Amino acid sequence: MLLLMKLFRLWWWLIISVACVIESATDESLSFQRYSPLVTEDQFLNNDKRFQQIMQGATSADINWPDKIRTEKIDVKDEIYKLTSTYVYQPSWPDLARELGSVTAVDFDKGGHVVLFHRADHVWTQATFDHNNVYRDREKGPIRSSTVLALDCQTGKLVYEWGKNLFYMPHGLSIDQEDNVWITDVALHQVFKFGPRGFPEKPLLVLGKAFSPGTTDTKFCKPTAVAVLESGDFFVADGYCNARILKYSKKGEKILSWGQNSFAGSSYDLAPPNYFAIPHALALVPDRELICTADRENGRIQCFFWSNGTFHSQYHSLLIGDRLFSLAYTPIKGGQLLVVNGPNAELGTHPEHYNEVRGYVLDIKSKKILSKFGPNDLQFSNPHDLAVTSNGLEVYVAELNPMRLHKFLHKSVVRTTSLSAAKPAVTTTVGGNSKYGISKENLHIITADNNSKGLTKDTASSFESPTAVSYHRPGGTAILVASLMLSFAFLTFAMALLLARRRKRGCMPFGVKRLRHAWDFPSKTDAFKLGGFLLDRSKHNGFEKLDQNASDEENEPTSSSSGSILRNIQFAY
């Protein structure tokens, strides 16, 4: 039986591995056609040959790559194991009676709702685009169901929805300070600005030409993300093909752009600044006036001054690996960057590169990884985007497959108590915007601070409530422990019944005669039974003298009965 279980587990993991390889061959894979510049067929063949050389570890001839950062040998698996988990998974959230497609993006609106973007029944495969990055499934029409869903951060229930018959292949979503919603669609090669809650369902601003990829100032090629400043100026990551970042005025006029494709070099090479291999997500760092991007296939974060696009810094770690899908910023503790990486894309060319798909917390000053997080402290499968409140207390991760949205709470505000002791939660709202630290988590008291100083560990701990409750689905270990505890309780109860029965007869468990004492309570057999007295009144003229000696003799167990009890005890254990 044990052998069959092991074979079943091996078979299951083989299926998961094959599924991951198949998934990695889709839109989130290391496939050249996903982010090559606009080229002719002949140029594509040459570049495809170059791609094969890159996969074999060759370096670019026209780029002066710095030395590898693998100067220090570390045990990546051991270092990841040493990291603590800062965030606690909330598996019962969301409470959504809706089947989602691949969830590609997540952000917060001004009402404190968690807003997600998903692809419904549309799937990005290797056949979705041709070699010139033109969308092939246009005749299927746009997604007919709602692609934008807003969930209550407390219950996870649906609050509102929109986005029917508008998008073909959703990718990025961000919400600005005025509650406008910014969308990127990689099939349309366009960037959209919609009003609050998507109303009316007609864009206020459109950049790019539908289904027409390009490299000019008026065209994009599979744009990935948008980030908006308080002034209304905004940035666009023109990600998969052009590998550039553009800055626009509030009216949509181009101000500047920078970056070029760096699809060269092997994994863990430290690519030069301003070179991108898919700028996949954007995040603003207001207290330093920086715009940062997840340089996906270079496995790093690059940060630039948002005023002029000048390079500021980059963040890279062997623990994160060679792919970094998304990032978010919170100003707590001097500034932290939260990231999610992805499955190893080297397709077996470098099996020595250990990789775990997790969320990581980085200190923006020291560039060190502080902690990790994942569903039930395990790995993700294919995370695509994440969002964090500015107070760092809540994190949401969008995942392509499984198609869902994950929620995490900072351990400083999670405290498990019995449900019977729980009281209705009190929510303190400061600043009027959940994107800047507001939370209405059920049975969690969370106080938010709306300034850039953020929260220290001590102040975050002070937010704990004695009535705050965290719900968790039991894992395998929890079920095993619970089963053992129930078994122990059952055996204890059985022993108690056995001992009570022996005590009733006036004996110790193993046949030793029990001596009555003056302070003992009378046994049940010695108690006065009014009902029995009334029933036998016709046969008795008053009380009879009780024969206590006879009673003791009747309860004296024989050696055979004592052996039977011993056998029963052994069986019970």
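Using N, Cα and C of the backbone, Cβ positions are placed for all residues, glycine too.
Keep in mind that this is a model prediction, so the values were computed, not measured.
Look at TrEMBL and you will find Val106, Leu173, Asp385 tagged as Ca(2+) binding site. Neighbour list (Leu173 (Ca(2+) binding site), Cβ cut-off 8 Å, at least 6 residues apart, same chain): Thr104, Ala105, Val106, Asp107, Val115, Leu116, Phe117, Val148, Val181, Trp182, Ile183, Thr184.
Taking Cβ pairs closer than 8 Å, the repeat 'NHL' (156-197) reaches residues 27, 92-98, 104-111, 113, 115-119, 122, 124, 128, 133, 135, 137-138, 141-150, 203-214, 219-228, 230, 232, 234, 236-237, 240, 281-282, 385, 407, 433, 435 in its own chain, all 6 or more past its ends. Annotation source TrEMBL lists repeat 'NHL' at 156-197 (among others).
The annotation repeat 'NHL' is assigned in TrEMBL to 207-251 (among others). Sorting each residue of the repeat 'NHL' (207-251) by its DSSP state yields 0 helix, 17 strand, 28 coil.
Sequence annotations record features per position, and here TrEMBL assigns signal peptide to 1-19.
If you look up TrEMBL, you'll see 478-500 marked as transmembrane segment.
For Asp385 (Ca(2+) binding site), applying a Cβ distance below 8 Å and a minimum sequence separation of six or more within one chain yields Val103, Thr104, Ala105, Val106, Gly172, Ala281, Phe325, Ser326, Val340, Val397, Ala398. Listed in sequence order, the residues Val103, Thr104, Ala105, Asp107, Val115, Leu116, Phe117, Gly172, Ser174, His384, Leu386, Ala387, Ala398 complete the 8 Å Cβ shell around the Ca(2+) site centroid, once Val106, Leu173, Asp385 themselves are left out. Looking at the repeat 'NHL' (207-251) alone, the prediction's average pLDDT is 96.
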